Amino acid sequence: MMVNDIEYIRQAEATRVQVLSEALPYIQQFAGRTVVVKYGGAAMKDSHLKDQVIRDIVFLSCVGLRPILVHGGGPEINSWLDKLGIEAQFKNGLRVTDAPTMDVVEMVLVGRVNKEIVSLINQAGGLAVGLCGKDGNLITARPQGQEGIGFVGEVSNVNIKILETLASNGYIPVVSSVAADDSGQAYNINADTVAGEIAAALGAEKLILLTDTRGILKDYKDPGTLIPKVDIREARELINGGVVSGGMIPKVTCCVRSLAQGVRAAHIIDGRIPHALLLEIFTDVGIGTMILGSQYS
């Protein structure tokens, strides 16, 4: 082994030790706290990124946090609709969900995507349990109310008992965003919304949305304009001023709503960055946008 190689290894090991040392106060601070992660976007489609997210979730559990993973699965739903000859339709950004589409959504999210994530977490050394809103009356749905979108729902109620039981015993709940109303009719609910409502009901330490953007940007075309930290008032001003627009509006609104109901901090981060979760939670700088209930408290 060359001298340069030895020096490189020493530097790499020193960096690893530095990272662990920097993480220690955060590990101590968040031990026993609940972190709700919404998993979606490119991090679900890229197998390498998927592996890193799974390992990050298991790491959180191993160091004493209580992670709860909520997932979507739009691309796989579209793939199966195509295979079955059902046209995917959208209205105002929402998937039009008629009865045949609802059957496919439930089959894909609950039967395929959810169980794949559970299996991957278990293979990585975690203890995952797959759920949808129907299990243990976890989520009660109601119609979203917009005309012509079918069985698209909103969260009417969250029963946290099953989540608390699992998380307090070392299990990692993995939740798909399908739920039923009081009559048993299934509804497709936006996964960001489900994550936000679960975080609020649990009084979670953090809500983290994995997205395909750096966070809130002053100029959406320039990743260098990332806004690292805002409070609820500033977040609302960014929406009203048009800085937050398009698909970011429901994400920021979801964060603001959860904070108003008691979540300590909400984060919008880029799931395409390797180990984005660990970088955001356990480093001094973070990598995305953190939204707080009041002025940087």
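Cβ atoms are placed via backbone N, Cα and C, with glycine included.
Substrate is bound by GLY73, GLY74, ASN188 in Swiss-Prot, and the record lists one more residue there from ARG55, ARG95, ARG214, which is ARG95. Of the recorded residues, LYS38 (site 'Transition state stabilizer') and GLY74 (substrate binding site) place their C-alpha atoms 13 Å from one another.
Classification of LYS251 (site 'Transition state stabilizer') by DSSP places it within a helix. The Cβ neighbour count for GLY73 (substrate binding site), using a 10 Å radius and every protein chain shown, is 24. Largest CA to CA distance in the substrate binding set (GLY73, GLY74, ARG95, ASN188): 12 Å, whole number.
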